[in-house]
Amino acid sequence: MMDGKRYAVVDLETTGHSPKSGDRMIEIGMALVENGAVTKTYSTFLNPGRKIPAFISSLTGIRDQDVAGAPLFEDRAAEIREWLEGCVFVAHNVSFDLPFLQHEFRRAGLPKWSGETVDTVELAKIIRPSAASFKLQDISAEFGISLENAHRAIEDAKATAELLIRLQKETIRLPEPTLSILHKRSFRLKSDLSSLFYGALKKKRSQATGEGGYRIWKGIAMKEPVPQKNRINADIVYPEDPHEKESLFRNAFEPYEERPAQSAMMDAVYRTLESKSEFAAEAATGIGKTFAYLLPAAVHALREGKPAVISTYTNHLTEQIIGRDMEKVERALGVPLLSALLKGVGHYIDLERFAGILAATDESYDETLAILQVVVWLSGTETGDLEELNVSGGGGLFLDKIRKYRAAVRDGELEKLDFYLRSLNCARNADLIITNHAMLLSAQDRNHSPFPHLSGMVIDEAHQFITAARSHAETLFSYTDFKYTLGQMGRSGEGLLQDRFVSLARKTGIPGEREAVRAGEMYDRAMDAFDHAFEGIQMLIQTLGEDRPHEQKRTYALADLEQLIPLCREAGEQLYAYLDKVTELTSPLVSAGRIEPEEARFLSEWQHWIREIRLQAAGWMELFGPSGLDDAAAWIEADMRSIPGSLKIVRQPADVSGMIRKAVNPDGQFGVIWTSGTLSLPGRERFIADQIGLPGAVEIRKFTAPPEFYRGAKMFIVSDMPDILNVPQQEYIESVADAVVQAVIATGGRCFVLFTSHDMLRKTYELIVDSELLAEYMLIAQGITPGSRMRLLKSFQRFSHSVLFGTDSFWEGVDAPGDALAAVIVVRLPFSSPENPLFKARAAKVAASGKNPFQELSLPEAIIKFRQGFGRLIRSTSDRGAYIVLDRRIEKKSYGGEFIRALPPVPVKKVGLGDMVIELESWYNDEV
């Protein structure tokens, strides 16, 4: 940090967050940074003149007796104020430390400090945009900075000082175009980073050596694409003999565990691939399912010289296969494998959109911060996958603006830079293509599949292919997306695309100003029709919701709005008429070829938005056209606090078996393996198979783990919980919060708390947070704590005292092996809501066939999810964990035994909460 500036890095420990309400400092720590090094430090306890709250003492370790003889802030104020003179004020969250300090200076009769500030949270977000967390302890660990006594002022100050030094060094290493953008756009930031970025830019420009390893496109520096590797020709033979398998296993696993079920599944997978047939494997947790299909798929792919596709449900699982499991297969076979991770187009950045936004300057703070994060990220990412970025607040909305929605690019220069196209090229040259179900389903909609000439296909988490197929066939109308897309055109007189089209028509005489103006009038009429339709929808929703005034988020079947369908259909027809008209008028301009370059760029943008609007119109007419509700469920979602902005209309087919069969090897060119931990239920062997359209002739084989695999598991049914069906929800939530707190303390954290409703999750979480009974624990709540599911899981695994509150997506498909997970708490049995429109449509089909929807649909789906929840707990023979069920229907209802029988053979105890806590404490203390 050779910029000649002095940086005073400050950290405060306080009795609370509000000095105006009487909160005071209890400790201050400062570190002076000069020329890239810490030159001196300052630290003192301060007597707050009041008792330190218990949770603050627990957090910091500072007790009342530690500060009893310490000076008052007024006695040290001048000394502290002098320390800051002539320095840049630095803190990890300047917006807390500096205002608190300024308030205390005023209280001590000293003038307000003034000068530049650097917030290392803001700086870290920009320079390390993919960091899992920007909390001081987490970001310090990422840089390898020691912070053993977090929440002690001098330790935090020294760690922040070291973090500042490291971030400054990383800033200087960025390419010049990136630094130039950082400097130009940093004036909107909350701290004075513009000065820091300018210093780095000056130093970069003074360096004589050029920069290699980057491609510059429209002023954006991107990492030079890594050359593709060529597939090797390896003479690999599948290990048929048990001794050969054992040798491979010993290469791959340390320590090695003999798993007969794994070997049997490997053989079945390989035979299926060799014979180009189809096979379903129900593989219990603990047999090593992933390795059991990866190794034979890899061997077969190498022998055939064609890639195999491995498809699973979530991107987290695909990354787990790439990052962990592929290495084991390579060690076993002794040869390197080319694997490619392929995600759907919407995961990748649209460089053209981003460049367009970068050319503008009208943005919010959150957007500015996200833009700077993306600019830095582009200088280092090899994937272009937006999931790598850790943005918060409005940054997430900004990322949605720059996602790719189409595979094609309009700029020829981008073909070699576009991350999605690069990922497709890598996949075509791979041995194993790792992808997700959504990507596999979308391939059937294209003229050119990204999966040509395969040697085989494995569908993992096969039961989730049904959910993925419904989502793929879903029609989703979002009011905000609609208004954003159509707002690009602008009404007459707003000076946007429609007016610019009129100007171009006037200038060229093609198609003529009068025709262009008439098209604009058609657009205005279409927008009036949509405004009228939205007003009608809003009024009807408010009327329908009068009987449930306290519900903010509501769902209604589209059939409830039947009286508005003609109005909505008319709006869609008017929009189609406008689109047909402007398409007709644009065609002569495109073919004329007599326009200036600037006009050609406008015409390209105009055509782009016409295509986007046509997609919006097509989705609207799928919902409100003549066949909108045929064999499908459709519903409206709205948050009453923000109508019409929150309005969404969704349509999903009730039966997707035909679509699934079409997507998976329709021509029988290669073998297909379906596998999951749950493919059948007692008495319902083909419950999943029928939904995925699996022919009756396809065998479903079960591969089970030995009973001793589950010896570390126990199931508790808490017998003194209130009956969920007979008490007010708030009373049940209070009991849930009490049970969670006691179970967490007994196990030392490391708990998943699984809900079926986000509303109940939020209320339970808030009750626990407000009680401060788990103040020492890291509480992570899906939908509340910022971040994707994968980020939340990583945060959970990073902290030993952590609790994760999750809904649907945490019931399955996530791994927290070993000590990371001590207990799974099931708040209520995972039945689908009978009011869910999709469930209603499916239940109606079952009832129409003369069957009982509860027995044939609701109960088996709940049992499957319940079993998947248990599967989070025990992932190896050394794991230990408790499966705690708070919903007493499992013991009181006649169907409760079916849930228990669906689980592996584990001890089941019906006990009161107090007795369970005693047993958990004894159990986990024995472990320690």
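Glycine is no exception: its Cβ is also placed from the backbone N, Cα and C atoms.
Bear in mind that TrEMBL entries carry predicted annotations, made automatically and left uncurated.
Checking the ranges 224-227, 452-455, 460-463, 704-707 against TrEMBL, the motif 'DEAH box' annotation falls on 460-463. Compute the center of the Cβ atoms of ALA283, ALA284, THR285, GLY286, ILE287, GLY288, LYS289, THR290, which mark the site for ATP; besides them, the chain residues with Cβ within 8 Å of that center are ALA261, GLN262, ALA292, GLY677, PHE703, ALA705. Note on the motif 'DEAH box' (460-463): DSSP counts are 2 helix, 0 strand, 2 coil. Confidence annotation: the motif 'DEAH box' (460-463) carries a mean pLDDT of 92 in the model. There are 26 other Cβ atoms within 10 Å of the Cβ belonging to GLY288 (ATP binding site). Under DSSP, THR285 (ATP binding site) is assigned to coil, being neither helix nor strand in the three-state scheme. With a cut-off of 8 Å between CB atoms and residues at least 6 apart in sequence, the same chain places ARG259, ALA705, PHE709, TYR710, ILE874, ARG875, SER876, THR877 near GLY286 (ATP binding site), listed in sequence order.
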